[in-house]
Structures are given as structure tokens and as C-alpha cells.
Amino acid sequence: MAAAVLSGASAGSPAGAPGGPGGLSAVGSGPRLRLLLLESISGLLQPRTASPVAPVHPPIQWAPHLPGLMCLLRLHGTAGGAQNLSALGALVNLSNAHLGSIKTRFEGLCLLSLLIGESPTELFQQHCVSWLRSIQQVLQSQDSPSTMELAVAVLRDLLRHASQLPTLFRDISTNHLPGLLTSLLGLRPECEQSALEGMKACVTYFPRACGSLKGKLASFFLSRLDSLNPQLQQLACECYSRLPSLGAGFSQGLKHTENWEQELHSLLTSLHSLLGSLFEETEPAPVQSEGPGIEMLLSHSEDGNTHVLLQLRQRFSGLARCLGLMLSSEFGAPVSVPVQEILDLICRILGISSKNINLLGDGPLRLLLLPSLHLEALDLLSALILACGSRLLRFGALISRLLPQVLNAWSTGRDTLAPGQERPYSTIRTKVYAILELWVQVCGASAGMLQGGASGEALLTHLLSDISPPADALKLCSTRGSSDGGLQSGKPSAPKKLKLDMGEALAPPSQRKGDRNANSDVCAAALRGLSRTILMCGPLIKEETHRRLHDLVLPLVMSVQQGEVLGSSPYNSSCCRLGLYRLLLALLLAPSPRCPPPLACALKAFSLGQWEDSLEVSSFCSEALVTCAALTHPRVPPLQSSGPACPTPAPVPPPEAPSSFRAPAFHPPGPMPSIGAVPSTGPLPSAGPIPTVGSMASTGQVPSRPGPPATANHLGLSVPGLVSVPPRLLPGPENHRAGSGEDPVLAPSGTPPPSIPPDETFGGRVPRPAFVHYDKEEASDVEISLESDSDDSVVIVPEGLPSLPPAPPSGTPPPAAPAGPPTASPPVPAKEDSEELPATPGPPPPPPPPPPPASGPVTLPPPQLVPEGTPGGGGPTAMEEDLTVININSSDEEEEEEEEEEEEDEDEEEEDFEEEEEDEEEYFEEEEEEEEFEEEFEEEEGELEEEEEEEEEELDEVEDVEFGSAGEVEEGGPPPPTLPPALPPSDSPKVQPEAEPEPGLLLEVEEPGPEEVPGPETAPTLAPEVLPSQEEGEQEVGSPAAGPPQELVEESSAPPALLEEGTEGGGDKVPPPPETPAEEMETEAEVPAPQEKEQDDTAAMLADFIDCPPDDEKPPPATEPDS
């Protein structure tokens, strides 16, 4: 066609030079090219009488192609400009010439449409009135409908451009528009749609000038409201909705706002009247309109064959559309919407159900019309929500009840159809879900959808029903329907056998006629509405609802990806798959506070969703992955994080002052040179706690004896959010060791502790910690330390604690377990020659897992705080909840310790009551005084003789300090300087131990307690007496700071919450390497030797730490073994 345009220009154009060889060289210039094209179009349409050669293509044959040529010309840009005025002038003359002839009017209108859109302002103002007169002449002529349609389209563009120019606006309004409307009103019936298009343009761009003909226009519009042509009816409704804005500010004595409200009330009154006529004697309690509106006088149908109910329904539909358009269209002045009256009409329509209709007479016809009336009411409700927005919130309860009511009314017969068939009433249900999405989109979480109540449960049930794919089912049926399987009374006959139902459900899907995309519209609408509701109201929705959605969505996504439900399900449609992924993302972004989101499963689903055939679905999955990645791995740390991240290793700075509502800031410890990087075990669990260090990839190395961070607990992890740690519990010179793997030294300052070279701690072997984690939070969650010296060590993590990190490298006993009220003890002075070692960076705090049930005799004392100076405390630890170490394989020893604790409880009771109030004051006063010191110890391995001498010396010094306390040493042993009263013994049930010969289960919980002001005295230590026969079975638990988990536990046989007295000296006990069990036994043999001197101390302090119920039989105290 382009070649024909160019050839026509060179053949017939007077200015043929541009078409020659010289003109083609200038095609690169934009204005020159447009001028060439304009002249080519002119040449095609000009007569060829003067040409010596007969034209190959007569002009009349270009008429069908002329609209396409105009569109092609517009692709090259605007034709306006000073350089094209001559060509445009030629086109104007050509257009006027063609409009004057009946045979060439269509070509003239095509050129006029190009001139109106492309001419500059000056040219448009000069020729606009003449063009309007030409169009009016075309409308008055009885031309073909196609010419009339093109003339109205050109008129719409001309009025739109003329309304922007004040001079033309006044001229056309005063002199031309009334005549133009009269011409449109007089068009033939077959041109009514074109006439309505022209009237709509007039009332839209020149509403004031149409006021004089408002009455005639209203009658014309009303007469077309019940038209059977949907396009004609829609145009009539759009025009009628603009009637209140016609005329001046006081149209017929009424303001525009008053006119709008009066028209609205008239529509409401007429709709109530039509509804009464449609369903007379079927409504249980008909509601009459009480508004000020006057019923419209609608003309009766001239067709006597049309049923009156069908005519009434068509009028009702037209008036309802007019009401909705008045609500949704823009109006030039603020108006008052009678919300209550509109809602009354909507409720009256939706209140009519099939149960109220009598099926005799015209009842079936009324039942046939009812769904369409409900659809009109739902459209009206949607327009009302759009018009009023969140101001409808006070009617939110009514709207929340209406939606499930409509779904219940149109849910019959939906479960009896085979897959591949469209379920009945899907259009109504789709509209209900669209209104649900709109209502939540407008009002947000205030909409109150799915937030409990009978209506919320009913709505959720319908949503899940429409989202779930259909399933094939076979059912047995009896041939005669008898309950006895065919054995009926009367004449004897052969027994009848049950047969399968021979319905369509029996046929396999491949042999069944059906629609592969059946019910996809209602499914996609339900998914959109549910996704929007979860996204906006997710945290307010019940936990059970979230779990139900998880149980449905996750398997459904997997089935869709594996192609298991794509036979005749709605998920063959890409819209439904997109809605399913959108719902899954909403469940991630707005989870319930009590139901963790399925993050791991969703990440896998989105990853697989990127391979979808549909580009829209795969693009959404890619965007969802980016969103999830931004949530799980933010590129920058958040401003207020619940737990500290792991920055680059750095020395331990002094701790910050604690806050009352959050844990102290995280202080990154130093580098970790001894242990290699910890391998990662896989993605995060979906619903369980965050994996600990053992299951996360580490960028650095873990040292053999790292110090805990400022807010670390005995697991080497920082305290969970909103837990304030007193300063005495933070690492300092008085309550922190550099090694963190040895016991605290309770000797006076000046006694250097023994040291152990880092390479000898593990016998030159680099340990690699490993953990086994469960992905779900269950009551039986355990962490198994695979690197410990014995394979039977299992650590149960109770509620409120994060998972266990790698344990310290030195095999020292665990911190003592408190059983009484918080006890304070003076801090241990720092060693002069102690050497600071870099500490390990702590991992972020994981969420606390639930408490697992103990499988042995468990005695849980009340949650207490542990004193910092107790043996095995390993320096200060962060606050945790019940510190209790339980060995389920030594029930006899537990009974002995309980008896001893009960004996000493009475001795210490009086003194505890006197110092109860002092402890509370000192607890807060000592917070700022005891965070300035830090102890660091190193042990040397292989020098057992040196250790014996140092143990004796340090134990002597501790004994002098403990027995030298003024007036506080009682017969049973020295109590701490300030002791609050012990709690009464709690009768905790004992569980019978399991018949497990080897594995020992340790329930380890820790809650550090307050300390006294720093001083030369140290807290008396409490340790149970350990029989010599139990020495070799003793399990050494590393001190709580950090380190690999292989040194945490060995064969746990220690009594609950008590430690051996021999380890009191801190660095006196050397952990043997895993390769030398003989040295380990020798080291353990020397542990109970110093207990002979400290037996009385142990007895004195038992009641202050553990309250256990007394037992009937009390075995004699065990004798101390000789070293």
C-alpha cells in the first residue's frame, strides 16, 4: 500500500517533483516526508481528468481503503506545522469538495477526521464552524448508517477540541448546539446508536448549552432504557446519568446538587416500585421506599407479545444501571448520597431467594430472572463502595453479612457436577468475590473480613470450596434404592447386586466431554479476593484460619507444579495459577503472630514457578523471590533489629548500659582462629526455629576458647529480644574469663591460673561441630552433639532458650543450677597476668523452641538466677530461663541431693528472710559496679602434678575466704554475703527413668542471678558429693560461653544443678584430648579429692539454690574419696 501511495503521488500530484528521484533522497527529513505523504493522499483523491493517461485506480475505489490510509498517515506523526500549511490547505479544499457531494461524503469525512486531529490551532479555529455545519448537513441527510457513524465520530472529536477554546465554545453553545441536538433527535431508528453517541458528546462537552432541551433528552433516554440491545441500553443509561448536570447553575429553579439528589431519589422510588411488581406476593416483608423521590413515568411497551415480567426486568436493569452510573460518575459539585436508602434497596433485592418463590404460574419465570436482579444489586453495591469509600465503614457489619448470604443462596447444585463442567451461578459468585476484593482494598484491615464470627467462617468455607480443584468420585447405588440391598418384601426374587452409578463420573477424564478451563473465572476471583484479604488483614485473622490456608495452598501449589490437578481443573488457566502464587506470597508477607509463615516451602515453590509456561506467572514468581530475599537477607541492617547480626570480627568493646525494654547492644567479638568454617546444612526450616551456628555457614573461624559477646548466654548466643541483662551478668573483668571454657577461679587476686596452649586443647585436632535440627517445633525437639566424646549425649533445649551453639573446648562442668531465690555473690577479681583473647562473634538469636518433655526423673526447681561466682559458671552469662541440668540416668544420686538440700534448707531459712529486702536493692546497685572486670585463664595439659599443687593452694585460699566471712559462716557452711529467703520446696513430680543403659539426656536451662559488690571474698560454692564409683562415669560439661559442642557433655551422671567441689579452682581441671582416654581418667580421678574440705560448704548452700521435695529414705552422706 505504501508503494501505491508513492506511485499515486508521482503520477497524479501536481507537485510531482518530491516523488521523483530527487525527492526520495530527502526522505530522511521528517517534515519533508510528511509533506510527501500528505500530497500523495491528496493526489489519490483528486480527479484525474486532466491527466493524459487514464488513471489506473479511480478515486472512488479508494474509499474503502481511506480510513486505513488515515491511520497509516498518523503513524508518521502530526501533519501540522508551517512547512505543511500548503499541503493542509489543499486537503481542506479537497475535504470540503468531497463533503458537498453525496457520492464522496465518506472520503470527505475521512479527510476531515485527519484535519481535525492534525491541524494547528489557527487552522482549526478558522475552519471549525464550517466543518460543524458540514457535519450537521450530513446528519440531516438520509445517508447510510456507516456514513452516519463516521460523521458522529468526527463530530465527537470536533466538539472535544472546540470545548478547549473559549471563543469557539461560546459561539457553538449559543448558535449551533441546539440545532445539532435537534438533528440528532430526528435520526432514523436504525441510527439510534449513532444518535446517542452524538448526544453523549454534546452533554459531556457542552452541558450548559443542552439545558434548554433537557426534557426532550430525558424522554428520549428513558424510552431507550429498556432496549434489548445491550450497547444501546448502556448508552442510554450513560446519557441519562448526566441529565442532572445539564443547564445553568439553576436549571429549572434547582441547583445542580439538588437536581442530582432529586433524580437519585426518583430512581430509588422507581426501582422499589418495579421490584414490587416483579415479585409481588413472594417477598416475606416487602420494603417500600420512604424517600422524597417521585416514580418515573415509563412508557409501556408497544409490543403486545412481550411478557410483562420481561419488560419490567429490562426496565429494572436500566434504572439500576443509571443509579450506579450516577454514583460512579464524576459530578461538578459536592452531593449527599443517601447511603441507608441505597443499602435498603440492595438488601431488599438480595433478600429475595428461590425459597420464597412459588413455582406455580409465573413462578418459574420469576426464578429465571432472579440471578440477573442479584447481579444488578451487586453492581450497585460495588458502585456505592467506589463512591463512598471508607466512609461506609459504619455499615461494614452489614456488608460482611451480605456477601456470605449471597454465596449461600447460590451454592445449591455445585457439588454434584463432574470435573470439566461449569458450576451453576459462577457469575454471581465471581461478582461477590470481586466486591470482597474491592471492599478490602478500600477499607484495608478495618473491613473486618475473615476475622471471626459466623459470617467470616461461612465466607472462608465458600472461598476454600471455590479454590479447591474438583475431584472425581464414584458412588455405589442400589438399582431399586432399597435399604436392604434389593431384598424386598413381597414375592421372592433373586438377590440384587449393588452396581456402580453409571453417570458421567464413571467415565475417565480422557473420554469425557468438558471444558478444560471450567470454573476458572470464579476460582481466579476467589483467589484475588482471598489474597487481598490476607495481605491487608493477615495479622488480625485467627491462627486456625492461617493453618487451614497453609494446609490447602502448599499441597495445591505442589500438585499444580507436578501436573497432578491439571486434568479438568481451573488451574489450567494461567490466571488461577497466578492467583495461587499471589495468595502464597500474601501468606508470607502477612502471617499470623502465632503461626509462622511457610518460608522454605514458598521459596521452593517460587523457584519452580519461574519455569512456568505463562510469562505472567513466571514473572510474578521471580518478583516474589526478590521480595522474599529482601525479607530474609536484607542488604542493609534494619534500624531496630530484634537480634544482633554477625558483623566483621572485632575486639570486645565495653558493654553498654542495659535498657529496660531491650537487650543490650551486641558487641562483636574477635577472630576465631582454631576451628574451621562451619558448613551449612541447607535452607532455613519452614516453621521451626532458626538454625543455630551449627547449621549456618560461617565466614570466619571459631576459636578454641572464645569469649561470649556482651549479651551472650551460656550457649554463646545473644539474649532474645526484650530481655534486659543486668550489668553484673555482662562480661567484665570480675565475671568473665578470656577462655570461657574453664571454671571461674574463686581464689584471691594474684594467683595466676594455669594455661593450656590452644593447639593442645584438642590434641592438635581441629574439631568440627555438627548439629541435627528438626524443622518443626515439637515437644520432643532435641539437639544431638555429634562431636562429643560419647555418642550418647543428647541435649534437650527447653522453652525460652535458643538452640545450642558449639560448646567450649575445655571439658569443664556446667554452671551450677539455682534452686532458690536469686542469690548474690561478690565478683571474682581479675587476674593480674591474665591475657585477653579475642572472642567469637555470636550468631543472631534464634526463636525459643517449645519445652520438650523429659524422659527421666526430672526435678525442676523454680526459675532462679545463678550467682556469677559459682563454680562452673564460666564467667557471666546472659539471662535465660530455668537453669537446670538433669541427668536422667542417676536417680539415686538425685534423691541423695534432694535429702541434703532439704536438711540445709531449714538452717538457712532464718537468715534468708532477714536479707530479703537487701537483695532487691543490691541487685540494681551492683549492676553498674560489677561490669568492669574480666578474668582470663589458660590451662596447660599434661602437667598433672602442677595442677594438684595449684588446686590445693587455691582451695586453701578459697577456704580461708569462705570461713573468714564475719558472722556469716554457719555450721553447715558459709552462705553468700546477702541471701534472700529461700522459696518453699516445690513438689515437682518425678518421672521414672527410661530403660536406657547409655544415653544421658541433659535438660539445660540457665538464668544468671545478681552478684554482690566486687570484693576480696568469693561466693561459697555448692557441689554434691560424688562417689568414687561414679567418677569415671562423670560427664564434663564445658563452661557456657562458646566453642564447639563436642565438649559439652560426655556421660552425664552429675546430680541436678550441682557441681563438683574439685573443679572450684577454675583452671585446675585439664580437659584431655579425645585421643587420650587414659589421661582423661586420671584427670577425673583427681576431681573429688578437694571435696573433703568443702563438704560442709556444700551442705550449707544447697537450700539457697535448689528446693526439692524431701524423700522418705535418707541414705548416709557419701564419704569423700582420697585423691
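Glycine residues also receive a Cβ, built from the backbone N, Cα and C atoms like all the rest.
Among the candidates Ser704, Ser755, the residue that Swiss-Prot annotates as phosphoserine is Ser755.
Note on Swiss-Prot: of 24-28, 209-213, 264-268, 1104-1108, the range annotated with the feature motif 'LXXLL motif 6' is 264-268. Residues 585-589 are the range that Swiss-Prot records as motif 'LXXLL motif 11', among 150-154, 585-589.
Feature motif 'LXXLL motif 8', per Swiss-Prot, maps to range 365-369 of the set 90-94, 235-239, 345-349, 365-369. The range from 155-159, 445-449, 745-749 that Swiss-Prot describes as motif 'LXXLL motif 4' is residues 155-159. Taking Swiss-Prot as the reference, the stretch among 405-409, 460-464, 525-529 described by the feature motif 'LXXLL motif 9' is residues 460-464. Per-class residue totals from DSSP over the motif 'LXXLL motif 11' (585-589), listed helix then strand then coil: 5 helix, 0 strand, 0 coil. Residues 531-532, 534-535, 538, 546, 549-550, 553, 597-599, 602, 606, 624, 627-628, 631 of the same chain, all 6+ positions outside the motif 'LXXLL motif 11' (585-589), place their C-beta atoms under 8 angstroms from a C-beta of that stretch.
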